[in-house]
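Take a look at the structure below.
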Amino acid sequence: MTQQHLTVITHPLVQHKLTIMRQKDVSTAGFRRLLREISLLLAYEVTRELEVTTMTIETPLCSMQAPTLEGKKLALISILRAGNGLLDGILELIPSARVGFVGLYRDPQTLTPVEYYCKVPNMLDQRMTIVVDPMLATGNSSVAAIDMLKQRGARNLRFLCLLAAPEGVARMAESHPDVPIFTAALDERLDDHGYIVPGLGDAGDRMFGTK
Ligand code: URA
């Protein structure tokens, strides 16, 4: 695994918010609020290489050529359902981004991910495509989602999560070494049920209040 492949976002605000989110007694509302806040901070890092163009604007003193985002060049892809928690915050920062959704379930026999939904923006080959899912655990669904996006033309991809397990990072590095991963923390390991340890539990359940 190259260092370039994995970026751990160590900003103190990110780490502070993550520590609160990990705690088991945080309410659903608190967890959701923190996830929205932390997604803004993570978005700052994962979008660092977004394309900018210039536009002519009038300041009170004169006109100038000023930088502006090529917003339509960005696609955000949420892996359902937990990805939506990260997506909402990023969309507040970049409202012009195009948005797609990928749904996968695990086949109980083969334990492999099976596609049940995929609706993504067109011209993915021309967009920076950021895939969001809070937990990179085994990496099976992330790898499958990125396979699907590459089949639909995506080339310039990034993967953004809140927590990553070494197993998931290794799986991604093996299958998609061209896709950099951005995370707030690299945790110790997976447990026998595929949960990240120490982790924060089931991200979907915690953000939606289900069990
Ligand atoms: N998905 C989660 O929500 N939590 C984990 O720890 C692993 C996968």
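Each residue, glycine too, has its Cβ placed from N, Cα and C.
R81 is the residue from R48, R81, R155 that TrEMBL records in the 5-phospho-alpha-D-ribose 1-diphosphate site together with R106, D133, P134, M135, L136, A137, T138, G139, N140, S141, D202. Annotation note: G201 (uracil binding site) sits in a coil segment as assigned by DSSP. For I196 (uracil binding site), the spatially nearest entry among the binding-site residues D133, A137, G139, S141 is A137, judged by CA separation. Less than 6 Å separates the Cβ from ligand 1 in the case of M135, A137, D202, drawn from the binding-site residues R81, D133, M135, A137, G139, D202 in sequence order. Taking CA atoms as the reference points, G201 (uracil binding site) and M135 (5-phospho-alpha-D-ribose 1-diphosphate binding site) are 10 Å apart. R81 (5-phospho-alpha-D-ribose 1-diphosphate binding site) counts 15 other C-beta atoms within 10 Å of its own C-beta, drawing on all protein chains shown.
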